[in-house]
């Protein structure tokens, strides 16, 4: 067995393989592999990162890797895993998303990026029906879970056709780009096998087209990985700060962290086992979570940004916020729960309730009496203490700290 496949299995990444013998042959003959990415947003997120890492793993084994951006399929929307019709993207937005995602894929995977719109821009509807539609039987499509699961609630002809488009993509890549392997999440099995069937119908049984699916990355509660309470953690630091990504990863549960180390990092499996052993001996040190956060943040944003996120975290949880420089302060406050005020002063007890730091006056008094509340790093015990705009940082921000680790941002209205 190819060492790469052994590694993928050891990490429990592989969900299914269409034909393992064809996969071995494709790897032996130096055929390429591709993964499709949906341009539904203008940045990829941590949920996509497992497939980015898959391409990196293949590339490290000197296998040609390709990333396909759905310039055509993105106009329709993949029905896989959806219970209702997706909203269609405006063409201008779609083109913007494609440009941004193409840049990210080239940066993170060093793969050739292909836009599948190029396959269809000169094809008429009649061409598609004649050259693609005739290859696949309706009954074949109705047996697909992505189709059958939507029959009761309804599926448009647009989304019904998506399976054929993704399948035709594989045929074009197989014929023209020496690509024999398609990979995707486990929800892509139906689309991948349709592509293999289209190749078989077009080129005969001697083809070596094959597919492999990767286990979906879910947490111990069965929820898809990659979203915080505020939403997706994006790879674009203008949409999600490096600090937010670091915090999201460092706060993963003990139940999830070993899987995440295997799925999202290039750390050797034996080394991951050693990390987990050390972690289990003293879970409070969060050795595994620290290894995960460092590996992913350095890979996505670089060592310097990782060190900056680490410093912000250390200051917020162990030190004085005044230790942050201006850039670090601006990054930190973007991630904090925020309350806006259009007055010049407010009693601390009222502010604690207004900002949802406390649930009642009684709880607020408890926080104050036990010394749990700091305003701009000054401890406050008096419930009548006035928090004033004139004392705010740059007369714009006040930072409320509750306990050791909970920060809240107060934004004063500018005159």
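The backbone N, Cα and C atoms fix where each Cβ goes, and this holds for glycine too.
From the options 19-28, 29-38, 39-48, the stretch Swiss-Prot describes as motif ''HIGH' region' is 39-48. Taking the Cβ of residue 34 (L-tyrosine binding site) as reference, residues of its chain lying under 8 Å away and at least six apart in sequence are, in sequence order, 65, 66, 67, 68, 114, 173, 179, 181, 182, 183. For the motif ''HIGH' region' (39-48), the residues of the chain that approach it from at least six positions outside its boundaries are 69-71, 74, 77, 89, 94, 96-98, 100-101, 104-105, 108, 217, 224-227, 232-236, 239-240, 245, 248, 264, 296, judged by C-beta separation under 8 angstroms. Secondary structure of the domain 'S4 RNA-binding' (346-413) per DSSP (helix as H, G, I; strand as E, B; remaining residues coil): 19 helix, 24 strand, 25 coil. Broken down with DSSP, the motif ''HIGH' region' (39-48) shows 3 helix, 1 strand, 6 coil. Residue 166 (L-tyrosine binding site) falls within a helix when secondary structure is assigned with DSSP.
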